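Quick look at what TrEMBL annotates:
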COMPBIAS  7-23  compositional bias 'Basic and acidic residues'
REGION    1-37  region 'Disordered'
TRANSMEM  110-127  transmembrane segment
TRANSMEM  154-172  transmembrane segment
TRANSMEM  179-201  transmembrane segment
TRANSMEM  207-233  transmembrane segment
TRANSMEM  245-267  transmembrane segment
TRANSMEM  321-343  transmembrane segment
Amino acid sequence: NLQESESENKLDGETASDSESKSEFGGLPPVPTSDDTPEVLNRALSNLSSRWKNWWVRGILTLAMITFFFIIIYLGPMVLMTIVMCVQIKCFHEIITIGYNVYHSYDLPWFRTLSWYFLLCVNYFFYGETVTDYFFTLVQREEPLRILSKYHRFISFALYLTGFCMFVLSLVKKHYRLQFYMFGWTHVTLLIVVTQSHLIIHNLFEGMIWFIVPISCVICNDIMAYMFGFFFGRTPLIKLSPKKTWEGFIGGFFATVLFGLLLSYVMSGYRCFTCPVEFNNDTNSFTVDCEPSELFQLQEYNIPLVLQSVVGWKTVRMYPFQIHSIALSTFASLIGPFGGFFASGFKRAFKIKDFANTIPGHGGIMDRFDCQYLMATFVNVYIASFIRGPNPSKLIQQFLTLRPDQQLHIFNTLKAHLVDKGMLSSLEDA
């Protein structure tokens, strides 16, 4: 019996130090689960078993969320950025609430206020950087924005320093350890939620396709892994998520790679998806019109000899972006689920089923975005490493803001460089 109890503790991820800390953190009794399914669905599915009832509830709500996703894409980049901000705030709220349930038991001051204050500071820093980077001309045109942009990092640091001092002043004797624990909780939540949601917006500015394809691949993998696991799943995948199976994991991988190739082929033919999202200062609106880059122009590729006898083709025409989509869909299928496993371990540690009950059958918003945040980081790193190059328009914008003597110095340096390369003399001869 002693061995069994020890193994159960290990399965739940609980160690001796966790048990000792319960006295300080007030203990974490299991949170009772409630049926949050709408009454209409409960009546309609009352004759089904709980397994099939859950299948239909998840299916119906998934279709509703996919429909909502299409609608916000149709509404344009500004609405997408607003939705990302709302999702970020809701995810932050769900994670902080779990911490507050522990922290509130001692009625210590300022934790909730400071948490939201730090969220405001971090968002001010990140969105200020984005505005300065992508709306440079607009910022330089407006005097208040120009001043805020010039001293942006100092203002951001001053705001954070104010919160830091407030935290120090809020320390209460005999509860220092708990307060520092929650201080770390808040900052890790900011790192996971705010930083990565900011990367989603950066991906969006590179082109809608860099936003839609990765998110769609994660959604596809989640759905197909569930479907394969539901009908064919027999072999458990990982103890953190007992319902996950190897059959679902492998089936989701192949389905997601195929889906990524097809979706990329369709979207690569439309400029509204492939062009970078830029701000037009004349119309004060976002534009997505450009000449498609080589990534989104059909190219002819030779099929390996091993596969030629199978498919019967020697060459195939496809967009280069489709090759990149294989990398994106592979990450979404093989590494992306570890974001979900990480969230499962977190929930098991605090004995909760879901982060919240916002979406019937799916849990909270964070339950749906645990893999998306990891995916967003990968896409941003992937673009920076393999796709993005210097942006001439941004360099010219910054060049025009320099003093005349600085502009002249850069001009002479560039002229000397072009002469050394032999390019300037050939242009003059022409």
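From the backbone N, Cα and C atoms, a Cβ is placed for every residue, glycine too.
Among the listed stretches 179-201, 245-267, 321-343, the one sharing the most Cβ pairs under 8 Å with the transmembrane segment (110-127) is 179-201. Outside the transmembrane segment (245-267), and at least 6 residues removed from its termini, the chain residues within Cβ reach (under 8 Å) are 208-209, 212-213, 216-217, 220-222, 224-230, 232-237, 273-274, 318-319, 321-322, 324-326, 328-330, 332-334, 337. Of the ranges 154-172, 179-201, 321-343, the one with the most Cβ pairs under 8 Å to the transmembrane segment (207-233) is 321-343.
Through the fold, the transmembrane segment (321-343) approaches residues 209, 213-214, 217-218, 220-221, 225, 238, 240-241, 244, 249, 252-253, 256-257, 259-261, 263-265, 268, 274, 295-296, 355, 366-367, 370-375, 378-379, 382, 386-387 of its own chain, all at least 6 residues removed from its boundaries and within a Cβ separation under 8 Å.
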